[in-house]
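Visitor: Provided herewith is a single structure, encoded as C-alpha cells, for subsequent inquiry.
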Amino acid sequence: EEERQLQANNRDFNLQFEYANNSIKTSKYNFFTFLPLNLFEQFQRIANAYFLFLLILQLIPQISSLSWFTTVVPLVLVLAVSGVKDAIDDFNRHKSDKHVNNRPVQVLINGMLKDEKWMNIQVGDIIKLENNNFVTADLLLLSSSEPHSLTYIETAELDGETNLKVKQALTVTAELGEDLQKLTEFNGEVKCEAPNNKLDKFTGTLVLRGEKYALDNEKMLLRGCTIRNTEWCFGLVIYAGPDTKLMQNSGKTTFKRTSIDRLMNVLVLVIFAFLALMCLILAIGNGIWEYKTGYYFQVYLPWAEDVNSASYSGFLMFWSYVIILNTVVPISLYVSVEIIRLGNSFYIDWDRKMYYPLNDTPAQARTTTLNEELGQIKYIFSDKTGTLTQNIMCFNKCSINGKSYGDVYDLSGQRIEINEKTEKVDFSYNQLADPKFAFYDHSLVEAVKLNDVPTHRFFRLLSLCHTVMPEEKKEGNLVYQAQSPDEGALVTAARNFGFVFRARTPETITVVEMGETKIYKLLAILDFNNVRKRMSVIVRSPEGDLTLYCKGADTILYELLHSSCDALKEETTEHLNEFAGEGLRTLVVAYKNLEEDYFQNWIRRHHEASTALEGREDKLSELYEEIEKDLMLLGATAIEDKLQDGVPQTIETLAKANIKIWVLTGDKQETAMNIGYSCNLLDDDMEDVFIIEGSTSDDVFNELRNARKKMKPDSFLDSDEINIQFEKSSKNPKVIPDEQANGVYGLVITGHSLAYALEGNLELELVRTACMCKVVICCRVTPLQKAQVVELVKKYKKAVTLAIGDGANDVSMIKTAHIGVGISGQEGMQAVLSSDFSFAQFRYLQRLLLVHGRWSYIRMCKFLKYFFYKNFAFTLVHFWYGFFSGFSAQ
C-alpha cells in the first residue's frame, strides 16, 4: 500500500482496503505442513540425503548386501531427534501466539463497550485500555483519564528502555473523554504512511469536521508498550497484527554457522569421493576376478540370475560395496556435535566466575551452536557507553561564565585528589536534595547562595531544558524517570543546588527555585536528534519573560553563539578540553531572550510546519535553526561515566592474545580517546595515533594513505594493482592479507569521515590502514555505521568477528557480527535479546573467549579426529577383506 486511509467506527468503509486484522503468527508449521516442511529442511544436510539414497539402494534385491533396517534405524533416529526439537520449538510459538491472540480487550461497538479477543480487532476500531494493560495494536491516542489527556507508557518490549515516556492526545479528541456517545459519533478520517519499521517516526493527518490536524509519534501508542500510571485511555486502531511496528521489527534473524560446520560439510564431501574411489577399485577388482577365476567356478558358486558377464557383475558389486562401506560416511556426526555443543553451553551457563552477584545475572549461552567459534575470534567490536563504562553518570564538574568548578584545592593552591576522606558539600539546607548526590567543591554552593546571576541562570537552564518525568510517591521524595542517564544526572545536580524540577504538564514546568515555587509556561520543545545534537525549550517565566534555553554538543553549539561571547568562548573551550582530557562527557549550555512579536510569528509558522504532510521534518529543522542562533553562552557541564571493573586488564590480556579491538561509540572524539587511554587501549608507548577527520572524500583518502605510508613505507608497491584487480572483482571481494606495521599504532576516525571511508572506492583503503593498527576507535558513529564497519571487516578479512554492546543502538552490530554478545546492563534488554551470548560485565569476555572458547574448540577438534579415525578403522577392514573374498561384497 502507498498510504493508509481509514475512518473511525466504520468497519464497512475500512473493509474495502483489506488491511490485516490483529492476529499474529510467529510459528513456522501447522499440523499438516509440519512433516513435509521439516523433512525438506532436514534433507538439506548432505549426510541425511545420502542415507536416504542408501536406503533406496538397499531395497533393490540384486545389490542389497545388508538388510535395510541397518540404515533405517539410525536415519529415523536422527530425523526424529531433530524433528522433535523443531516441533517443540514451534509448539511453544503456537502457544504464545494463541495466548497473545486471545487476550481480552474492550471494543466500542454500537455505542457499547464489549469484551473482544485481540485477534478480532480491526483497523478503525476504538478500544479502551486500562492501567498496566498491554497495548493491543498501534493506536492513535484519543483521550485519557489524566489532565490534558496525557498517557504514560513503558516501552521495554520495543526498545528495552524501562523509563516512562509520555504521550499526549490532540486537544480536539481529548474532549471526547470517556463519553461513549461522543466516541461512537467520532468519525474522523486518518491518512497516514504505509506500515514500516521505524519506531520513532509517524506522519499522518486526521480530518475531523472539515478541519485537518497533524499526527506524529507523540500521539501514537505502539503495540508492545504497557500503560502505566493512567487509569484508562481510548485509542483508534491504525495498524493491526503483522502491520504493527513491533511485528515489522521482528526482523529475520540470520542463521549463524561456525567454521567447523563448513569444514564438516567439506570433509563429508571428501569422504564421499573417497568412498566412490574405494568402491570403484573393488568393482574393477570384482570384474577382473570373475573374468579370470569366477567364470570357471560357476558350478561351485553360481552367478546371480540376471548376471551374464563379468563386467555386469562388477557394476552390481560397485553398489553393493557402497552399502557395505557406508559406515565411512558419518551420519551421527551432526547429532554428536550438537550434543557436545549443548554440553559446552551448559559449562558457560554454570560458570561461577562469570556470574555477577550484584544484580543476580549469570552468563547465558543463548545460541548453543557457536561455542567453539569463540576460540577463533580475531576482531572485537565494542560499544563504549555501558559496555566499557558503567553507564552510571555523576555530575562532576562544570564551567559557569568562565569559572571552572569541581576541583578541590588546599591552602597553598595545589589540586587535591578526591577520595573517600574528602569533605562533601553539605546540602542539608535543601529539603528536596537527593542524598545520594556527592559534590566536593564548596565554592559553587557559595556562588548559588550569593545569588550570582549567571550561576542561577545556569542551574535554571538545567532544571528546565530536558525531557525528564518526575514521580513523587511520598511528599518531598522525588524520583526522576530520565530517558538517558546523562539527563538524569544534570537535573539531579540542579535539584541539589537549589533549582528543583518538581512537576510537568504538557504546557507547564514547575520548579522550586531556592525554596520558592515558580511555574513556567512551556511554549515549545525543540527536540534532540542525532543530526542536531542539541535540544532547546522556549519558556515564559512567571514574570512574563520569553527565553530559549539550549544544551548540546560543543562543536554544534559554538557555531550558534552571538559574537559578543568570543572571549568567554575561549575560556570555556579551555575548560572543556580539560574536562574531556579526564574522560568526562561534556555538554555546552546557552540561552537567548526572545522578542514577543518575533516569537508570535515564529510559533505560527511552527504550527504550520508541524501539520504539514510533506517534508515535515525538514521544515521543522529549518525553523529550529532560524531561532537557535545568536545564543549567549552560559557555560559547560561535565559528567563522569565510570569505567567498569577490570576493563583495562581485560583489554590488555585480549591484546596479548593478538585480538584486535575496535571501539565504536557515539561520543565525542576527545572523550572517546580519553576512555581509550584509561582502558589501556591507547598508550604513550605507541609510535603514533592517527586521527582521520577529513570532511571530503579526497581528504579522507589522503589521510588514510599517509597513515599507511608512515606505518609501512614499502606497502605501496602493490596497492594500485590491488585497486585495479579490486574494481574487476567487486562482486566477490578479494581477501586482503594481513600486513604488519613497523611498530604499534592507533587510529581514531570520526563519524563524518567514516561515512566517506565506507563508500565503495575508499573502503579498501580503510580496511588496509585500519587493520595494520593495533587499536581503532570510531567516534560519533550511528547505529547503522556500527553494522557497516563490522560488515566491512567480515567482507575483506577471512576472520571471525565478535560484537559486544548493551543498548538498542548496538543491535544491528550484534546481529551482523559472527558472534554477538549482549551486556545486561543499564540500557534495558534489547541487545541481550538479539545476542548469542550474554553476561553482566565486560571483563567476563576474557573468560568467555580464552577459557570457554579455547576449550570448546580443542574438545571439538579432539572429538572430530577420533570420530573420523574410528569410522575409517572400522570400514577399511571390509576393503581389505575384499581381496580375500573375490571382491564379492561378503
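A Cβ is built for glycine as well, from the same backbone N, Cα and C atoms used for every other residue.
So TrEMBL lists these for the protein:
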BINDING   Asp383, Thr385, Asp806, Asp810  Mg(2+) binding site
BINDING   Asp383, Lys384, Thr385, Glu487, Phe528, Lys551, Arg585, Thr665, Gly666, Asp667, Arg780, Lys786, Asn809, Asp810  ATP binding site
DOMAIN    7-72  domain 'P-type ATPase N-terminal'
DOMAIN    832-890  domain 'P-type ATPase C-terminal'
TRANSMEM  43-60  transmembrane segment
TRANSMEM  66-88  transmembrane segment
TRANSMEM  266-289  transmembrane segment
TRANSMEM  309-335  transmembrane segment
TRANSMEM  866-884  transmembrane segment
Visitor: So if I exclude everything within five residues of the ends of the transmembrane segment (309-335), which remaining residues of that chain have a CB under 8 angstroms from its CBs? That is, six or more out.
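Guide: Distant contacts of the transmembrane segment (309-335): 45, 47-48, 50-51, 54, 57-58, 60, 62-66, 71, 74-75, 78, 81-82, 264, 268, 271-272, 274-275, 278-280, 282-284, 286-288, 290-291, 294-295, 303, 867-868, 871-872, 874-875, 878-879, 882, 887-889.
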Visitor: Relative to the Cα of Asp806 (Mg(2+) binding site), which of the binding-site residues Phe528, Arg585, Gly666, Arg780 has the closest Cα?
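Guide: For Asp806 (Mg(2+) binding site), the closest Cα among Phe528, Arg585, Gly666, Arg780 is found at Gly666.
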Visitor: Restricting to the same chain and to residues at least six past its boundaries, which positions have a Cβ under 8 Å from a Cβ of the transmembrane segment (866-884)?
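Guide: Hits for the transmembrane segment (866-884): 267, 278, 282, 285, 321, 324-325, 327-330, 333, 336, 890.
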Visitor: Rank aside, I only need the closest one: which of the binding-site residues Phe528, Arg585, Gly666 has its C-alpha nearest to that of Asp810 (Mg(2+) binding site)?
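Guide: Out of the listed candidates, the nearest Cα belongs to Gly666.
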Visitor: Considering each pair of residues in Asp383, Lys384, Thr385, Glu487, Phe528, Lys551, Arg585, Thr665, Gly666, Asp667, Arg780, Lys786, Asn809, Asp810, all listed as binding ATP, report the largest CA to CA distance in Å, no decimals.
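Guide: Max span of the ATP binding residues, Cα based, is 26 Å.
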Visitor: Quick check on the binding-site residues: of Asp383, Asp810, whose CB has the lowest count of neighbouring CB atoms inside 10 Å?
Guide: Asp383
Visitor: Please report the distance from the Cα of Phe528 (ATP binding site) to the Cα of Asp383 (Mg(2+) binding site), rounded to the nearest angstrom.
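Guide: Here the two Cα atoms lie 21 Å apart.
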Visitor: Pop the Cα-Cα gap between Arg585 (ATP binding site) and Asp383 (Mg(2+) binding site) into the table, whole Å please.
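Guide: Given the Cα positions, Asp383 (Mg(2+) binding site) is 15 Å from Arg585 (ATP binding site).
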Visitor: Starting from the Cβ of Asp806 (Mg(2+) binding site), draw a 10 Å sphere and report how many other Cβ atoms land inside it.
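Guide: Other Cβ atoms found within 10 Å: 31.
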Visitor: Does Thr385 (Mg(2+) binding site) have same-chain partners at least 6 apart in sequence with Cβ under 8 Å from its own Cβ, and which are they?
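Guide: Looking at Cβ-Cβ distances below 8 Å from Thr385 (Mg(2+) binding site), excluding near sequence neighbours, one finds Asn391, Asp641, Thr665, Gly666, Asp667, Asp806, Gly807.
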Visitor: Using Cβ atoms only, which residues of the same chain lie under 8 Å from Asn809 (ATP binding site) while being at least 6 residues apart in sequence?
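Guide: Long-range Cβ contacts: Asp383, Gly666, Pro783, Lys786.
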Visitor: What does DSSP give as the helix, strand and coil breakdown of the domain 'P-type ATPase C-terminal' (832-890)?
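Guide: Reading the DSSP string over the domain 'P-type ATPase C-terminal' (832-890) gives 41 helix, 3 strand, 15 coil.
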